[in-house]
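Chemist: First the structure, then my questions, so here it is.
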Amino acid sequence: MGRSILERIKVRDDTEHGYETTRWINPDIAPLPPNRRTWGVWAFLGFGSISNLCISAWTGAASLLSLGLTIPQTIGLMILARALICLLVIGNGWMGAEWHIGFTVSQRIILGMNGAYIGQVIRIMLSIVWYGSQAWLGGLCVSAMLSSWSYKFLTMENTLPESAHMVTRDLVGFVIFHLVSVPFLLIRVEKAKVPVIIANLIVLVTMMGITIWACTTGGTGPLFESGAKQPSTLTKEWAWVYGIIASVGNISAGILNQSDFTRFARRQGVQVPGIVFSLFIPGMIVPIFAILTASASMSIWNLEEPMWNPLTVITQWMVDDYNAKTRAGAFFCSLGFVLGQIAENILGNGYAAGMDLAGLMPTWITIRRGALLAAALSWAVQPWEFYNTASVFVSVAASFSVFMGPLTGIMMTDYFVIRRQKIEMSQLYTGSKEGAYWYAYGFNWRAFVAWVVCFVPAMPGMIAAVNPNVEINDGLYKYYLGNYIFGFLEAGTLYAVLTFTFKPKRLGLQDDFDIYGTFEDDVAIKKGIAPFERPKGVDNPIEGTPVQIDVGGPKKASKTMGNTISYEEVPVELSLGDKGKIRGLQFDDKSRRYAGVPYALPPTGEHKWRKPRPLPSIYSYRDSSGGAYDATTFNAVCPQRAFQTVKPDGGGNRYSEDCLYVNIWTPVAKEGDKNPKWPVKLWIHGGWFQMGDPSQKPGMDATELISTGKLNAIVVAIGYRLNVFGFLAGHDLLHESNGEAGGNFGLWDQRLAAEWVRDNIAHFGGDPNNITLAGRSAGAYSAEVQML
C-alpha cells in the first residue's frame, strides 16, 4: 500500500522525450521542448510589467524621493537605474532563452551539482518571504474591497490581541486572498501569459484613475514644489549611487532567476523588446503616478506627510463619505489592485519558489506542487509583522542584494566570458563524478571563493543598515551603498581569474546530440548539434532507477537455427548498473545472446564522415516505456553491396547507416557464481572491408560454439562501417572534420567498440583484463592494425 502511494505521488516520467524522473530531473526542470515555449513579445511585456504594476512598486517611489533629490533628479535616477536593470535582466536571462534551462539548473554550472542546492535554498527562502509579503498586501486590497460592500466590515471590531500586530478585518482579507490565489497557482507557467496581460491592463487603468482623480482634486501638491530634505549622511553624488543600487537591489532576486522565465521564449531575442518596454514605460510611469498622487494627497487632506500607499487613499475615500460613488470607486480600484497582487505574487514568487523546490526534490515536486507548498509556508514568516512592527527579518531580506550581486556577476561571467555561451546539457542531469559540472565532490570551489570574498566586505554595512546602533567606518558604509555593482564586477573578475588559472574539465564543450528534444532541427544544426531523434536505446538518456517489468518468466519463445542444431529460447534480463538493463535470449540453459547493443551514437547526418561518437556518460539502456532495452534481435548491418541478401534460414539483411552495434554471446554462469570472469574474444568480421555481418550467421553462430562446443568464454562481434562509408580517406574529409580524422572511419569504429567492451564486459561476466582481439580475412588485418 505504501509503495502504491509513493508511486502515485512520484513525478511522472517524460515518455514523449524519453527520460525518466530522477533526483536530478523532472519535466519541469528539464530543458523545455518547443511545444512548451509559447512566450512571445506580448507575453514578456506582461511578465516584465507585473513587478511595476503592483502596490510595492507604487510605494517604492517614496524611498527614492526620501534621498532628498528633486523631482527631475529622481526621474533621471530612475532612467539610469532602469537602463542598468535592462542590461542585467537581458544578460542574465540570455542563457534561458538560448538553452531553455532555468535558474534551478543553471546553478549546477557555476556552483556544481551539489553546490547548486545552496543557491536554490536561498532563492526558495526569499520567494517564500516575498510571497507572504505580497499576499499580505493583497489581503489588504481584499479587505478594502470588502469594506466597499459593507460598512460593518469597514468598521469591524478587532477581536485579536494587541500582540497579534494585526486586526481581524485584515486577517479575513489575508485568508481570502490566499484562497483566491490557489486556482491561479495551478495554471502552467506557459499558459499564464494571457491572464497576466489582462491583469496588467486593469491595474494600469486603476493607477491612472487614482492619479487623475488626485491631480484633479488636489493639483500637483507641495512635493513638486519643494521636494524633500536631503539626509545629512549622504552627499548628492552618493545619494544617486545609493538610489540606483537600491532600485537594482529591490529586484535583485528577479534578476538572478531571470532564466526561469526566459526559457519559455519561442526563440532567442523575443524577450528583449517586451522586457525593455516594460521596464522603461510602466517602470517609469508608476513611480511618477505615485509621486503625483502622494503629493496631491497632502493638499487634499492637508497632511504633513504624503499618503504613499494607494490603499490608504482608497480607505480614506470611504471614511470621508461612504456613499454609492465612493464605494463603487473603492471597489473597482481595490479589485484592480487585487488582480495586480495575484499576478505579481504568482509569477514573481509562487512560480519561482515552485521551480526551485522542483530542483531541490525533482522526484516528488513539480512547479505546481512547489508553488502550493510555498504559499502554505508563507504563513510561517508572519508577513503582517513586516508592515506593523520594526521587523529585523524583513530588513535583512531586503538587504539580500549583498549576496545576489556577486552571484549574478559570477553567472554572467561564466556564461559569456568563460564558456562562450556553450553548455553540455547532458552533464546537467547526471550525478556522475566524471560529469562536467561535478567539480570537487559536487562543488565548484572557484565560484564559492569568488562569491564569499566579494559579499563579505558588504556585510558590516548590511548589519549597520539593520541595526543603526552599529557604527562602521565611512569606507565600509559606502561600499555597502554600492554593494550590488561592486560585488557584481569584483566577483565576476575574481571568478574568471580562478577559472582560467585552475581550469575545470570539459570547459567550452557542448553536446553533439540533442538528447532532450530541446531544439527545432534548424536551430540544432546551427548550433552544431545533431537534431533530436530516438535511435534505438536513446529513449531514456537520464540515469535513474530502472522501471521493473514482468517478462512473464521462462516461457518457450521460438527456435534459433544455426547450421543443424535448434535450441529452446527464453527471454532473460541483465542489469548494467546505472546504465540500465537489457533483455536478451537464453538457449537451453547453456548460452545467452545479447544482440544489437549500441556502443556509439549513430554516424548519421553531418556525422557520417566523422569519427564515431561515444555514448554520453548518462546514456541508459532502456526501451521507450522505460523497461529493459530489447537485445533479442539482430540490428541492421552497415550499408554494402548485396552479395547475399537472403540467408539459409529465410531471413534477410537490413541495411542502415545506424549500424554501430555489438552482438554478445556468453555462457550461462553456474548457480551462485556472480563474477565468473570469463575470457573475452573480440571478433572482427571479414569481407574485404566491403561487406560482412556481425551476426556471424549462418556458418559462424557463436551460440553453437558455446552451447554445443562448450566454449567457456564470451564472444563479442563488432559492427563497423564498410566500403566508402568506412574506408574512404582524403584531404576533404580531414577538412570537413576540422582536422579530426581524414578517413578510415571503420578502424575508428573498431577502436571505440573495443573500448566499450573493456568498460562494460564485466556486467556480462567477462574479464576486462583478458580480451583477445581476433578476426577473419579483413577482420584479421584489422586486428593487426589495431595492435599498432
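Every residue, even glycine, has its Cβ placed from backbone N, Cα and C.
When I checked TrEMBL for this same protein, it listed these features:
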DOMAIN    576-788  domain 'Carboxylesterase type B'
TRANSMEM  41-67  transmembrane segment
TRANSMEM  79-97  transmembrane segment
TRANSMEM  135-151  transmembrane segment
TRANSMEM  171-189  transmembrane segment
TRANSMEM  196-219  transmembrane segment
TRANSMEM  239-256  transmembrane segment
TRANSMEM  276-301  transmembrane segment
TRANSMEM  328-347  transmembrane segment
TRANSMEM  392-417  transmembrane segment
TRANSMEM  438-459  transmembrane segment
TRANSMEM  479-498  transmembrane segment
Chemist: Is it true that the transmembrane segment (479-498) and the transmembrane segment (239-256) have 3 or more CB pairs under 8 Å, sequence gap of 6 or more?
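Modeler: By the criterion, they touch.
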Chemist: Let me spell it out: take the transmembrane segment (41-67), skip the flanking residues so only those 6+ beyond its ends count, and list any with a Cβ under 8 Å from a Cβ in it.
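Modeler: Here the qualifying positions are 74, 77-78, 89, 133-134, 137, 141, 193, 196-197, 199-200, 203-204, 207, 223, 227-228, 230-231, 234, 239, 242-243, 246-247, 250-251, 254, 261-262, 264-265, 270-271, 273-275, 277-279, 282-283, 286-291, 294, 306, 308-311, 337, 340-341, 343-344, 347-348.
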Chemist: Of the listed stretches 135-151, 171-189, 328-347, 438-459, which one has the most C-beta pairs under 8 A with the transmembrane segment (196-219)?
Modeler: 328-347
Chemist: In the predicted model, what is the mean pLDDT computed over the domain 'Carboxylesterase type B' (576-788)?
Modeler: 80
Chemist: For the transmembrane segment (328-347), find every same-chain residue at least 6 residues outside the stretch whose CB is under 8 Å from a CB in it, and list them.
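Modeler: Beyond its ends, the transmembrane segment (328-347) has Cβ neighbours at 47, 50-51, 53-56, 131, 134-135, 137-138, 141-142, 144-145, 147-149, 177, 180-181, 184-185, 187, 189, 192, 195-196, 198-200, 202-203, 205-207, 209-210, 213, 261, 310-311, 314-315, 317-318, 371.
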Chemist: Tell me whether the transmembrane segment (79-97) sits in contact with the transmembrane segment (276-301), defined here as at least 3 Cβ pairs under 8 Å among residues 6 or more apart in sequence.
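Modeler: Between the transmembrane segment (79-97) and the transmembrane segment (276-301), contact is present.
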Chemist: Under an 8 Å Cβ to Cβ limit, what residues of the same chain, 6 or more beyond the ends of the transmembrane segment (276-301), are close to it?
Modeler: 44-49, 52-53, 57-62, 64-65, 71, 74-75, 78-79, 82, 85-86, 89-90, 200, 204, 207-208, 210-211, 214-215, 217-224, 307-308, 310, 313, 316
Chemist: Sort out the residues at least 6 away from either end of the transmembrane segment (171-189), same chain, that have Cβ-Cβ distances under 8 Å to it, and list them.
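Modeler: That would be 135-136, 138-144, 146, 160, 195, 261, 264, 338, 341-342, 345-347, 350-351, 354, 367-368, 371-372, 375, 379, 384.
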